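Trainee: Quick paste from TrEMBL:
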type	residues	note
DOMAIN	1-126	domain '3-hydroxyacyl-CoA dehydrogenase NAD binding'
BINDING	S33, K39, S108	CoA binding site
DOMAIN	131-228	domain '3-hydroxyacyl-CoA dehydrogenase C-terminal'
Amino acid sequence: GIAQVAAATGHAVVLVDQTDDILKKSRKSIEDSKRMTKKMFADKPEAASQFIEKTLTNVTTSTDPAAVVHSTDLVVEAIVEKLDVKNELFKRLDKFAPEHTIFASNTSSLPITDDFSKALKNPVSCMDTPGFIVNRLLVPYLMEGVRLHERGHASKEDIDVAMKLGAGYPMGPFELLDYVGLDTSKFIIDGWHQLEPENPLFAPSELLNKLVAEKKLGKKTGEGFYKYK
């Protein structure tokens, strides 16, 4: 999504991921994108197709970030929510990137200043706090939904229905956790728990840990709290 927006506005983008197969799927996702062009070209399907084609011409791919960062103005990481993994990536790229390169993170749960600054020669000099406003409210809510189920107070189905009908949410907590990815949710809560081990809002969940250990990560693997065809 980040690569697509940048490419659509005329920027040369190198999309980096772990395998060529993932990168092919990413390009296919951009090629099949309808939501971005639906409003822009509501009555002009040909123009929509041309827009997507032009966007794709601005996107190249690679599985080696160090090899493509030498002439980059901006690096945006959007990898797994594990601080040590992100720091290792930044340390590696900082050795090859030009002095003017800006390193940015797509993290919505980790503190930028206190932790990412250790990986860079010229870190940002502002204060920060872990998690955006939405995530600081959302993740504890999701985890409390899981704990409510773990305590046997309600089924996951009942909890989801209650929040959709009672609060008007488009998804219940278990549906949303499956959509986000149980591994991502676990990494976030684990990171926050490490920062504030006494905070009950950030307490880990045995059920969530069990599902992640079993590789039941949600919709992307076909099973999480629910099963998907």
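The chain as shown is numbered from 1 upward.
Cβ from N, Cα, C; glycine included.
Automatic, uncurated: that is what TrEMBL annotation is.
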Trainee: Count the Cβ atoms, other than its own, that fall within 10 Å of the Cβ of S33 (CoA binding site), considering every protein chain shown.
Mentor: 18
Trainee: Counting each residue once, how many in the domain '3-hydroxyacyl-CoA dehydrogenase C-terminal' (131-228) are helix, strand and coil under DSSP?
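Mentor: The domain '3-hydroxyacyl-CoA dehydrogenase C-terminal' (131-228) comes out at 66 helix, 3 strand, 29 coil.
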Trainee: Which residue, out of the binding-site residues K39, S108, shows the minimum number of other Cβ atoms inside 10 Å of its Cβ in this structure?
Mentor: K39
Trainee: Quick one: average pLDDT across the domain '3-hydroxyacyl-CoA dehydrogenase NAD binding' (1-126), no decimals.
Mentor: 85
Trainee: Give the maximum pairwise CA distance in Å, whole number, for the residues S33, K39, S108 listed as binding CoA.
Mentor: 28
Trainee: Could you give the number of helix, strand and coil residues in the domain '3-hydroxyacyl-CoA dehydrogenase NAD binding' (1-126) as assigned by DSSP?
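Mentor: Across the domain '3-hydroxyacyl-CoA dehydrogenase NAD binding' (1-126), DSSP assigns the residues as follows: 60 helix, 16 strand, 50 coil.
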